[in-house]
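Working notes for the structure below.
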Amino acid sequence: LGAETPKLAEYQAYIDFEMKAGDPARIQLIYERALAENCLVPDLWARYNQYLDRQLKVKELVLSAHDRAVRNCPWTVGLWIRYLLAMERHRVEHSIISEMFEKALNAGFIQATDYVEIWQAYLDYLRRRVDFTQDSSKELEELRSAFARAVEYLKQEVEERFSESGDPSCTIMQNWARVEARLCNNMQKARELWDNIMTKGNAKYANMWLEYYNLERAHGDTQHCRKALHRAVQCTSDYPEHVCEVLLTLERIEGTLEDWDAAVQKTENRLARVNEQRAKAAEKEAALAKQEEERAEQRKQARAEKKASKKAKKTRTGDKRKADEDDEGEWGQEEELPSKRQRGEGDGMLPEEDMEVETGLSGRSEQPDGPAAPKEKASTSRKDVPKVFHDSSKDKVTVFVSNLSYTMAEPEAKLRELFGSCGEVVEVRAVFNNKGTFRGYCYVQFREEEAARQALALDRTAVEGRPMFVSPCVDKNKNPDFKVFRYSTTLEKHKLFISGLPFSCTKEELEEVCKAHGNVKDIRLVTNRAGKPKGLAYVEYENEAQASQAVLKMDGLTVKDHVIKVMISNPPVRKLPERPDPSKASLVPPRQIYGARGKGRTQLSMMPRALQRQSNPVAKAENGMVQNSPAASSEAPAEPKKMSNADFAKMLLKK
């Protein structure tokens, strides 16, 4: 073989070729050679073990291969399940199988569902050992205790580690109930298990109630079937109509007239409440949407009024300055400019002739002959361009481009050339502020909708050293929950997350390190909005096996004196901000919310100190302790009575 290591694809092709010839010795030899160089590939171990289980069936050879597989790839639950099945198939002692199962529980799987699968495989093995013709046996008690331990293990160990049990529909408890009902004829225990299942948040699902109903129908009696359906009608929230139909069907076949009347009344009342709740939910949603539109309109009007007031204030300021200049020119008086200290020159004064410059309407110094004259001229020309308001009816053929450099020269021409490869560009509307400076974002309108969809592929393209953001043109006032995030936020077993990279590491250098462990499909270096690297990267491989091999070999690797950390990509769940409920709005204004560093030194409180103190008046006792005065809280404190000289004389005479 002339390919470079790890030669995985070439070995697989060689194995497929030899499988057609059917020589067991050659096939086994090729598998062993392939695994010697690719011992961390779970799929290769699975294919080899499957071949040994189905073709060779030699006990020592099969069990040895399974043992090597779980030692090299302990994180793969499928290899452990195959090992347990092979041990049962070759009649290995029960104690050894139980010991191997305990090792599997300590293997460190990466998903909660993996623990559910390994428990289910072990419980299936224990069930096959039981002789259900006997009323009680040691194997049956062991099976029941294993079911109870599995439920407790998923609730305690797995849920504590993954924040979920991995078994939301309680499949293990459902299987336990089926075993008790069908094989042990113990419907009482099955009903207790189903009651426990329903208390774990499954009572609102129609399919769970129908599963319980079918079990009662097959192994219970009509009374418990009717009772289960009545509870289902009361509790189901996803498909109540279907449950009501099943109840009416039961009463039509087996019920009396009284049972039929009770079922009809119950279903009609339930469906009436459901329709009323749905109508209220629709009204509430419509009211919230209307309130959001009203708030958006108010914000829009407030911005327009604020902008108009600023423009009027600026115009008045300019007219006043112009009037002052006209007055000076009319009277011919020269007003001496106040002297200023020049920064960096101590007490030196600026010469008077240096301070006399022509002042424009904006209040800035204008130097027509200086280098800033062309820029000022360009800004003035931008101000004269009439404003074009956005047409929301053309959002489907428009994309929103942001995070562009403020210093970009002629953004319309540059973006028209950049997006020209996607389709015909009708218009590029760059956004400028009142001073004519580019604000870093614009709208690009195409002739066809397909061209706008192709333009989204240019997202994160580097333009003048910054990543350009391209997103659909959506009105956030009408769609406040709209959020564009092009990357997956769930577990991706074929993708790696690398942290601790040096900032100088390039995409080509990282690819050179990663391609030694498999075929790299894509590499994404994470940057900030300015295009600067953050030392993080995502590397996508062709399959899960290559990614798993890369994790074990690259984690802790040193790249340019930096120790990197490598793990399977599993981003945290993105939590959307909760919307305030208008029905629960309080009249009390909310507390001031500060940033991550708390209240800044320059963040002053505008509330007077008198209002910050306690509003309840207090009275001070003679011993100096502060006591609450209920009388003082309702009435204002009385002013001390003024005493005359005669009053003072009477007071002295009393002594």
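Including glycine, each Cβ sits where the backbone N, Cα and C put it.
These come from TrEMBL:
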- 282-307: compositional bias 'Basic and acidic residues' (COMPBIAS)
- 282-388: region 'Disordered' (REGION)
- 325-336: compositional bias 'Acidic residues' (COMPBIAS)
- 337-346: compositional bias 'Basic and acidic residues' (COMPBIAS)
- 374-388: compositional bias 'Basic and acidic residues' (COMPBIAS)
- 397-475: domain 'RRM' (DOMAIN)
- 494-571: domain 'RRM' (DOMAIN)
- 610-655: region 'Disordered' (REGION)
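For the domain 'RRM' (397-475), DSSP puts the residue distribution at 20 helix, 32 strand, 27 coil.
Across the compositional bias 'Basic and acidic residues' (282-307), DSSP assigns 26 helix, 0 strand, 0 coil. With DSSP classes pooled into helix, strand and coil, the tally for the domain 'RRM' (494-571) is 22 helix, 32 strand, 24 coil.
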